[in-house]
Every structure is written in C-alpha cells, then in structure tokens.
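Taken straight from TrEMBL:
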- A:17-38: transmembrane segment (TRANSMEM)
- A:58-87: transmembrane segment (TRANSMEM)
- A:123-143: transmembrane segment (TRANSMEM)
- A:155-180: transmembrane segment (TRANSMEM)
- A:187-209: transmembrane segment (TRANSMEM)
- A:238-257: transmembrane segment (TRANSMEM)
Amino acid sequence: MVANVFTKTLRDQRRSLIGWSIGITTLVLVEGALWPSIRDMPNLDEFLSSYPDAFKKAFNVGAMTTGTGFLNAELYTLVLPILFLVFGISRGARLVAGEEESGTLEVVLVTPVSTTRLLLGKAAGLLLGLCVLGGVTGLSTWLASASFSMGIEPWSIAVGSVSMVLLGLEYGFLALAVGAVTGRRSIAIAVPSVAAVGAYVLYVAGLMVDSVSGWLPWSPFHQALAEGPLASGLPSRFSLLVLGALVVIAVAAPVFARRDIRVG
Amino acid sequence: MDVAIETHGLTKRFGRRRALDGIDLTIPPGQVFGYLGPNGAGKTTTIRLLAGLLRPTAGTATVLGLDVVRERDRMQARLGYLPGSFVGYADLNGEQYLRYLANLRGGVDWNVVTSMAKRLDLDLGRRLGVLSHGNRQKVGIVQALMHRPELVILDEPTTGLDPIIQQEFLGLVRDVRDAGGTVFLSSHIMSEVEAVADHVGIIRDGSLVLVDSVEMLKRRALRRMDLTFAGEPPQSLSAIAGVRELTVSGSTAHLAVEGSTAELLAAAAPHRIEQIVTHEPDLEEIFLSYYDGRG
C-alpha cells in the first residue's frame, strides 16, 4: 500500500477525502433540491433584478433563471471554491511543513529519495486527491441535475469540476511550496490564504470598478470562474492556473534542496 | 574506500550562533566511533551535517567518499541514520512503517528486519502511536540498520532503552563492525561508549577537544588502586609522580595513579605489600575534565 511517497500521500488523505466527499455531495444535492421551488417562483425575474448591482455581477445573478446559472451563483462561484481552497491549503501545508514540524521527515529524507522527488510525489498525491474531490463534485452535480431537472449539460459539469480542482491546485501547491521553502506549517497556511483573499478581492473589484478591470486576468479566481464556471467550453484561461501551480513547485524545489531541515 | 567519514574545517552557524567550529575528523572504516560531549556541544549538528540534513556554513564533509552536499542522495542511500529524537508515523504499525522506508530504499531483506525485531523484543504489529518511548526507539534502530548500511550514524541511540535491550543494541552495533561496517554514535555517557567504541572524539562548545582510541585513553586514565602493606604504608607514596588522592586507612593506602604504575610499584615493593587491588580505569574522569574545560 505504501510503496512510495505518492501512495503514502494518498493513504494519508483517504479518511479526509471520504469526509469531504460526503460533505460536498450533501451540499450539492441539497442545493439542487431547492431548484424546483426557485424555478417556479412566479416573479423570479423581478426578484433577481432587485439584488444589488455588485451582487448581480459577482454571482452572475441574471443567469439564475436556468439550472446552470443557479448552481453557478449558489455554489460554484463562492462556496465550492472556498471548500476546494480549504482542502488544498490545509493538505498542502501538511505535506512537507507538517511532516517537518512533527519530525517524521527526518528519516524519510535520509534515503535515496531526493528532496525534489519527495516534493513531486507529494504534489502528485495532492493533485490526485483534488481530482477525486472534483470527480465527486461533478458526479453529485450530475445527479442533482438529473434528479431535479436542472438541465445542466454533462460537459458544463465537467468544466465546472475542473475549474474547482484547478483553483484548489493553485493554492494547494502554493501551500506545499511555501511549506517546502520555510518548513513552517503556519506560514504555509497563511501565505496562500492571504493570496487567495487578495485574488478574490481583485476579482470582485475588477468586475465592479472599471479602472481595476484591466488587472482581472491576473486573478486566479477570474481564470477559474469567469466562464461560469459551469460553462459550455473549456476556457484557455485554465492553462494559467496549471502554469501557476507548476511554477510555485518549480521555484520551491531548488530552495528545498538547499536549505537546512529543521529539527521537529 | 580508505575513510568512512572525513571532515575539513566543518563549520555550522545558525544566525549568529556558531554551533560547530572547524571540525577536522577522519574516521577509518570498520570501527565504532563514539562521539561524546555535553548537551548543546554540537553533537547533533555534526550528525545532521553528515546525514545531509544541514548544509555546512564552511568546510567540507565526505561520507563513504561522497560529498554530503553534492552527492547527498547517493550518500544517503548507503547510510543508516537514527535521529536524536526519532519520530515515525503514529498511524502505521511497525511493519507498515518499516516496509515504507524499505520501499524508499529499493527493498531490503525482510529476514533482517524480523530477526532484529526479535532480538530487540519489538512487536511489529502494533501502531507506532501506541508504543512506549523505548519501543518506538527500537523501531528507529531497526530502520537505521535494516538495509545493512556500510555506515550507521546514531544520535544518542540508547535513550529510553532498558538495560537488557541496551546490551542487545550494543550487540547489533558490534555486528555491524564485525561485518566490516562503520558505526558513528553520539552519547553524553562515557560508560556506554566505552563498552562498544574503538575510538572516541570529545566535543565541547562546537570544537573537537580530543580524538583518541579507547585503549590509549585507558592507559592515560586514572587507575585506582588499594595497596595493603604488612605494616604502616610508607609516607613517601604521595611524592611519587602520577600518584593522586592518597588516603590511608589502617595498613591500606587508597590512591589513584595517572599513567604508568611502574614507578609506584617499584617504590612500594620494599615495604612488603600484602595485597594489591586495582580497579578498572575510569574514563569518566577524563571525560569530565574535558567537559568542564580542565582538559
């Protein structure tokens, strides 16, 4: 079962993945169950237009008359991104910094396994963990759509799930990378959390303030959410999220290889 | 390979604090080297530099002919290492944990693991999280030795072990040496090192103050003797070179001799000695003299 760093990372996530999967499935199904009553509201358009402008822009409230628009606004633009961020950052910070602080890293590093291979094995394990959560999110969305006749295209569901995975990946890898550079779990949690809040503020401000809108493409939230994220096409912006995640690991690896390992 | 460990001017600073100051050490293969010093002297820093977990501020270190910085992973493949505060994964049992590390090392002969566990009286089926400190330490010892490394570096290995298991452990250390391997072990207890080491190094405040064979140290050590004479012990004993701490009770003189006892025995012989009792040389005293800076 624990043949290498990658499978060890997966094994360490298994309980947490089960819990998160149950939570996300429940959330998506409960949200979906609300859809029929929202759809059948006689004055839905009127109700939606009474929302403040900022709200309408941030959550694309105008599209809430369709099942796709409803889930985008209710789940996929804030609640699910937060859940994927929390999972990615908390797991990512644990992988190197957490192990280093607890002292278990010491013996694992004095093997033929290099710091870079260890980092890559852990990154791959986190990626697969996020993919499992993404798969669960997609499946439960498909189930909700079918059960409550939301009419969401399977392709849109796939794109929406990928966008959640990539958002979790970007900040999860940042947490892993900061942990590998500093060896401190608190910093590995703080840096990506602050970065995510900053990026979200930039995203919302960019939607509302014209002078900021030029900066929008820099926000990972824009990269992940701009098209829906339940959307009919796979946005090319997703490649920026992948690139960002790879860059932080690539920057961290040589620093990790050269720094002192802290005593647990 | 002519040397197992070789360092030149090995120095480590943590911020402003100088933890290790220009250590020059050469340890030939096939011996047990005891690394002694009080807490905070720099033992763990030396060991973690040699294991490739720290980078030297200055100087170089080669382990098994491999540079600990540039050829770290190849060096670590051939090294066995027990950290000063060994921590394994609490949720794995002994077998799962050791199999994981064995896999990272590309596989080990599992018979070695089971026989070592038997010798140390270690139950591999129990989760590390529920083991006592001593039993956890046994897991640490097994992981350091299970791949039959050419060099084993052990940081205070016997902490938490009961005396019987300590003996078994010292047996394992001798086995490594008898198989041609090298063991570098740190301790702050002389008697433990004396029992197994061929050479010792003493470190104080980040500097190596002594490297010598245990044999030579014993020769230089204070040797306690009790000389019982037929009559009064002669007054002249205290004037003999090397004699210390002379006390007389009845017809017996209790004293300590540093170095050779030849002169003492020559001077005492004409006074009709009835009995001589010599005690094992006490290395602890040498050690302590280096500890507090008298050496």
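Just so you know, glycine gets a Cβ as well, placed from its N, Cα and C.
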Tell me whether the transmembrane segment (A:155-180) sits in contact with the transmembrane segment (A:17-38), defined here as at least 3 Cβ pairs under 8 Å among residues 6 or more apart in sequence.
no
Top Cβ-contact partner of the transmembrane segment (A:123-143) among A:17-38, A:58-87, A:187-209 (pairs under 8 Å):
A:17-38
Restricting to the same chain and to residues at least six past its boundaries, which positions have a Cβ under 8 Å from a Cβ of the transmembrane segment (A:58-87)?
16, 20, 23-24, 27-28, 31-32, 34-35, 38-39, 44-45, 48, 51, 129-130, 133, 137, 141, 144-145, 148-153, 156, 160, 163-165, 167-168, 171-172, 192, 196, 204, 207-208, 221, 224-225, 228-230
